[in-house]
Amino acid sequence: MFCPNCGIELKEPNQAFCMKCGSEVGAPLETPQLRTERPRQVSTNTSQSPSESTSLPISQ
């Protein structure tokens, strides 16, 4: 891996900053843990027919 600013070869694989110019090289300091989220269930209300739905008057 090389520094995008000065081009020097980076010695450490997880190096976050260039030792020569101090630029951030984009390597993470720690490996992030991936979070897995369970998919949310969408509840559908099928008990109400369209004729039973609430309607609001349109104001003009």
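Every residue, even glycine, has its Cβ placed from backbone N, Cα and C.
TrEMBL has this to say about the protein:
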type	residues	note
COMPBIAS	41-60	compositional bias 'Polar residues'
DOMAIN	2-25	domain 'Zinc-ribbon'
REGION	28-60	region 'Disordered'
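Tertiary neighbourhood of the domain 'Zinc-ribbon' (2-25): none, as no same-chain residue meets a CB-CB distance under 8 Å with a gap of 6+ residues from either end. Residues in the domain 'Zinc-ribbon' (2-25) partition by DSSP class (helix H, G, I; strand E, B; coil) as 0 helix, 4 strand, 20 coil.
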